[in-house]
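As given in Swiss-Prot:
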| type | residues | note |
| --- | --- | --- |
| BINDING | GLY127, PRO128, THR129, GLY130, ALA131, GLY132, LYS133, THR134 | ATP binding site |
| COILED | 465-508 | coiled coil |
| COMPBIAS | 412-424 | compositional bias 'Low complexity' |
| CROSSLNK | LYS465 | SUMO2 cross-link |
| DOMAIN | 43-368 | domain 'Kinesin motor' |
| MOD_RES | SER412 | phosphoserine |
| MOD_RES | SER427 | phosphoserine |
| MOD_RES | SER452 | phosphoserine |
| MOD_RES | SER543 | phosphoserine |
| MOD_RES | SER562 | phosphoserine |
| MOD_RES | SER581 | phosphoserine |
| REGION | 1-20 | region 'Disordered' |
| REGION | 393-424 | region 'Disordered' |
Amino acid sequence: MAAEGSTQQRRRVMAAASAASTSGAGRCRLSKIGASRRPPPARVRVAVRLRPFVDGTAGASDPPCVRGMDSCSLEIANWRNHQETLKYQFDAFYGERSTQQDIYAGSVQPILRHLLEGQNASVLAYGPTGAGKTHTMLGSPEQPGVIPRALMDLLQLTREEGAEGRPWALSVTMSYLEIYQEKVLDLLDPASGDLVIREDCRGNILIPGLTQKPITSFADFERHFLPASRNRTVGATRLNQRSSRSHAVLLVKVDQRERLAPFRQREGKLYLIDLAGSEDNRRTGNKGLRLKESGAINTSLFVLGKVVDALNQGLPRVPYRDSKLTRLLQDSLGGSAHSILIANIAPERCFYLDTVSALNFAARSKEVINRPFTNESLQPHVLGPVKLSQKELLGPPEAKRARGPEEEEIGSPEPMAAPASASQKLSPLQKLSSMDPAMLERLLSLDRLLASQGSQGAPLLSTPKRERMVLMKTVEEKDLEIERLKTKQKELEAKMLAQKAEEKENHCPTMLRPLSHRTVTVAKPLKKAVVMPLQLIQEQAASPNAEIHILKNKGRKRKLESLDALEPEEKAEDCWELQISPELLAHGRQKILDLLNEGSARDLRSLQRIGPKKAQLIVGWRELHGPFSQVEDLERVEGITGKQMESFLKANILGLAAGQRCGPS
């Protein structure tokens, strides 16, 4: 018995410990929810469609180069080794006998349900030109494609989920655009011109100015879509008589608004994309405009391949911005959408290289990981009246302190007006007349409950009316007194400033006149001063018979005026100039000429601006032509220009004239 009791006791202790650990783990999970939880990954699903042979194409009678193995795999001949085949595995493979309904029901229809959960989805048709992408997306009246089937089912789902009595109200809008030569054009409004692609603060891709048409039925969709489809750019090439020259994108938005509290709002987007096909211009024979269009198409598809490779390799930079197409597909590839890629291929052997390229791109694309999440938020206009009602619960003094200065200037009702009743004060529905009737009825019932409970707990509303009026009057008197004090303070400050200005004028009589009363005079250009060497000045001063006046005073232009009347520009003018006597200049020139005719190469290098090479040139010229007759003959020496001659004279003539040693040593 004792053993059984101890066993039961141990079991109870273990159970309690297990429960405690479980509850602790639960609390830990609850505390981290929303902060560390990431949306589950969703891989890009890839389906391959093989179109049948087209009559009139080259090689239509040859056996196909692609063969399906089962519903998910296919094989194609290896061009490097004809004895082998290349095998590919995808999420779905649709052969030549597959119908439009098979492709839609097997790959596209399952993702439409995510739109009603506030998530994004996208369907892309990829492949070379003439492989059947547009037929897959649009189809024909007898065999409608993915776009009409998806819109028909989506509108049916929104009607069922948004019916009366259901918790959500749904609305659907559509936009249709094309990317033609790196320009985003609105097909619903062709006159709008090139549009820009933006990204909001939450990372959502949007196009400002893009037309949005509300649709409630498939007839509404056809009324907008069919005329817009005729605006898409198409052209004829050797391989395709109606080749798409642009990427077409149909954007369908599903907005959901909750009818009851907490009044959530969801938005789901569906991208239906018909990509233009890659082209080999050697086979299509494109020239002129067609060649330019083909270059833009191939460039954007090349960037699309770079984006897929960057996502698969985990590179830090994904080149979404290198092309308008990849910028628009940022949600679809590596973003927040459930994506389906339908790769269209052709069976003819002339399309072999294009088919291999499309299959390789599809194989890389199925490795891309997206992280879809629900785009959900609360309606902002529901929270506004509640905040207003909290201010209204306060009395006039408290409310006045709670309001900012801007609200005080805009103003509220007159303070002396009769206060409203308690039910009007507590009502948060004073500005909700434009709301949904069902939502308004629900909030009215909540308002009545709030009014019945709030009248018991609001101390200000229980205050007698006479006391409130006296209190409001006191507050007004204090406000008026504050305004009077502010006005008086401003007057005193103005008087103090005026007194300081007068004191400055009295203590500074020599102050310059204000700029508005000064007359501006342009200073005359200063005369150049010729500077004499100091050694020469001393020699001339020491000579008793010196009659050379080095400095000649030109005299004052006018007598100095008083300091008050003298302008700064006039003070700056100097009336002295320096001149050199012509005898000194002639003496210096003669010394230079003697040195040129009699000096050796070493002596010539003692002159300024004369180096070893020029000294040798001067000696050689002197031996051939004889002595120099004047200093200017130095310009005749080969290698000495006129400018060099001028700089030579300026550098040497004054020093030599002053008696510096320049003769042969």
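Note that Cβ sites are derived from N, Cα and C of the backbone, with glycine treated the same way.
Recorded features from Swiss-Prot, shown on the structure.
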residue: GLY127; record: ATP binding site; Cβ within 10 Å: 28
residue: PRO128; record: ATP binding site; Cβ within 10 Å: 23
residue: THR129; record: ATP binding site; Cβ within 10 Å: 22
residue: GLY130; record: ATP binding site; Cβ within 10 Å: 24
residue: ALA131; record: ATP binding site; Cβ within 10 Å: 26
residue: GLY132; record: ATP binding site; Cβ within 10 Å: 20
residue: LYS133; record: ATP binding site; Cβ within 10 Å: 27
residue: THR134; record: ATP binding site; Cβ within 10 Å: 23
residue: SER581; record: phosphoserine; Cβ within 10 Å: 16
Inset, instruction - Between the Cα atoms of GLY127 (ATP binding site) and SER581 (phosphoserine), find the distance and write it as a whole number of Å. - result: 95
Inset, instruction - Measure from the CA atom of LYS133 (ATP binding site) to the CA atom of SER581 (phosphoserine) and give the result in Å, rounded to a whole number. - result: 99
Inset, instruction - Based on DSSP, name the secondary structure state of LYS133 (ATP binding site): helix, strand or coil. - result: helix
Inset, instruction - Specify all same-chain residues, apart from the site residues GLY127, PRO128, THR129, GLY130, ALA131, GLY132, LYS133, THR134, whose Cβ lies within 8 angstroms of the center of the Cβ atoms of the ATP site, ordered by sequence. - result: ARG51, ASN240, GLY277, ASN344, ALA346
